[in-house]
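Notes follow the structure.
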Amino acid sequence: LSKAMSQDGASQFQEVIRQELELSVKKELEKILTTAPSHEFEIQPYEKIKARGLPDNVSSVLNKLVVVKLNGGLGTSMGCKGPKSLIGVRNENTFLDLTVQQIEHLNKTYDTDVPLVLMNSFNTDEDTKKILQKYNHCRVKIYTFNQSRYPRINKESLLPVAKNVSYSGENTEAWYPPGHGDIYASFYNSGLLDTFIGEGKEYIFVSNIDNLGATVDLYILNHLMNPPNGKPCEFVMEVTNKTRADVKGGTLTQYEGKLRLVEIAQVPKAHVDEFKSVSKFKIFNTNNLWISLAAVKRLQEQNAIDMEIIVNPKTLDGGLNVIQLETAVGAAIKSFENSLGINVPRSRFLPVKTTSDLLLVMSNLYSLNAGSLTMSEKREFPTVPLVKLGSSFTKVQDYLRRFESIPDMLELDHLTVSGDVTFGKNVSLKGTVIIIANHGDRIDIPPGAVLENKIVSGNLRILDH
C-alpha cells in the first residue's frame with residue numbers, strides 16, 4: 001500500500017512539475033512575442049485593401065492574371081458520378097458553367113484576355129475535356145493540366161498497393177491524387193507556367209471550383225500589382241472569420257517570422273478542441289490564393305517549396321486499410337516572400353460540399369448575375385442560415401426528388417430535417433424550423449405551407465417552437 005501511495009505521490013509531483021514548466025514556457029514565449037515587429041504577422045482587413053480603389057486602367061492589371069480552378073474532385077460525397085464541377089447548382093448551370101460565365105463577363109466588360117486553367121486529376125480529366133467543347137464559342141481561353149498520381153500505401157506492410165503503373169480495372173483503387181499542394185510541380189511540369197510568363201502574365205488566382213464565392217476580386221488584384229510599399233507580395237491567402245460551421249478550417253499562424261497554414265489533420269488529438277475554438281483561432285483559410293508566377297518558377301527550380309505532409313488514412317471498398325500522403329496548396333505560404341493574409345467578407349467563401357449547401361445556393365437567398373451569386377437584398381441580415389439535411393437528402397438525386405420547388409428561405413435562421421420528409425411547391429420557411437419524421441413515418445409538407453418557428457414531428461402535429 002505504501003509503495004502504491006509513494007508511486008501515486010511521485011506521479012502527482014511529476015504532473016505539478018510538468019504544469020509549472022508549461023506555464024514558464026508559455027510566459028517566456030509571450031515575452032519573446034512582444035519583441036516581434038508588428039508588420040511580421042500580416043493579416044490585412046479587406047476594407048483597407050478596398051479603400052485604395054481601382055486603377056484608371058483596370059484591363060491592364062486584369063491582363064496579367066490567370067484564373068486556376070482546382071478540379072480534381074469527384075461528386076461521390078453527394079452521390080454523383082464523374083467530376084464534381086459538372087453537378088448542376090443553379091438554374092441548371094454547373095460549377096464549371098458559372099466559372100466560365102464569370103470570366104467571360106470580365107473579359108467582355110474590360111476587353112481583356114483572362115484565361116481559365118483547370119487542374120484536373122486522373123479521376124476528372126477525361127470527362128472534363130469532353131464537356132469543354134461546349135465553351136468553344138465563349139470569350140475565355142480554357143487550358144487543363146493533370147495533377148500527379150501517387151500509389152496508395154498498404155497500412156500494414158507500408159508497401160505500395162499498385163503492382164504496375166496502369167490504373168484501370170482492379171488497379172483503379174491503387175492510385176490517388178496527392179492533394180492540391182501538387183499544383184506547383186504539376187503546373188510547372190505541364191509547361192503552362194512558362195507559357196503564361198512568356199505572355200506577360202504575373203499572378204494566378206487559385207480556388208476550389210466548388211467555392212461559388214471565389215470570384216476575381218479587382219481590389220486584391222490591384223493591391224498585388226501596385227503594392228503600397230513598393231515591395232511585391234508573392235502570396236496572398238484570403239481568410240475569413242470563423243463561425244461554428246467552420247471549426248475544421250485551416251488557420252494561419254506565425255512561426256519563425258513566417259506565416260504558416262495549420263490544418264486540423266496536423267493537430268495532435270489533445271489540442272483539437274483548442275484548434276476548433278472560435279475565440280482562440282478567429283479566422284480560417286478559404287483556399288482563395290493569389291500567387292506570383294515568377295515566384296513559383298523560382299522556388300520550383302530551386303526545389304524550395306516546403307509543405308507539411310498530411311497523412312490521410314483510408315479504408316478501400318474491399319476493407320484494405322491504406323495511407324495517402326497529401327499536401328495542401330496553402331501550406332507553401334512560408335516558402336514565399338512578403339506573404340499576406342487578407343481578411344475578406346464571408347461572401348467570398350460559399351462552398352458546396354453537401355446537399356445542405358446546395359439548398360442554400362439554389363434558394364432565393366441568392367441572386368445570379370453573370371455567373372456570380374450575391375446575397376439577396378431582401379434578406380435583412382447578411383449571415384447564411386444554418387441548414388442540416390438528414391441522410392435521406394445526402395444524394396443529389398434523392399434531394400431533388402424531395403423538393404417540388406425550393407422553399408422561400410429569405411427569413412430562415414435554422415433548418416433541421418431528418419427522416420422521410422418531402423416538400424410541396426411554394427413552401428415558406430422562417431425563423432427556426434425543425435422537421436423530424438421518426439423511423440417508419442413520413443412527413444409531407446403541403447404546398448404553400450408557411451412554417452415559422454415550428455417543430456414538425458413524426459405524427460404531423462405542428463408545435464410552436
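Each residue, glycine too, has its Cβ placed from N, Cα and C.
All TrEMBL annotations are machine predictions without curation.
So that you can see what the record holds, here are the features copied from TrEMBL:
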BINDING   Lys84, Gln147, Gly179, Asp210, Lys353  UTP binding site
BINDING   His180  substrate binding site
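Binding of UTP is attributed in the record to Lys84, Gln147, Gly179, Asp210, Lys353, and the widest Cα separation among these residues amounts to 21 Å. It is Lys353, among the binding-site residues Lys84, His180, Lys353, whose Cβ has the fewest other Cβ atoms within 10 Å in the structure shown.
Lys84 (UTP binding site) sits 15 Å from His180 (substrate binding site), taking the Cα positions as reference.
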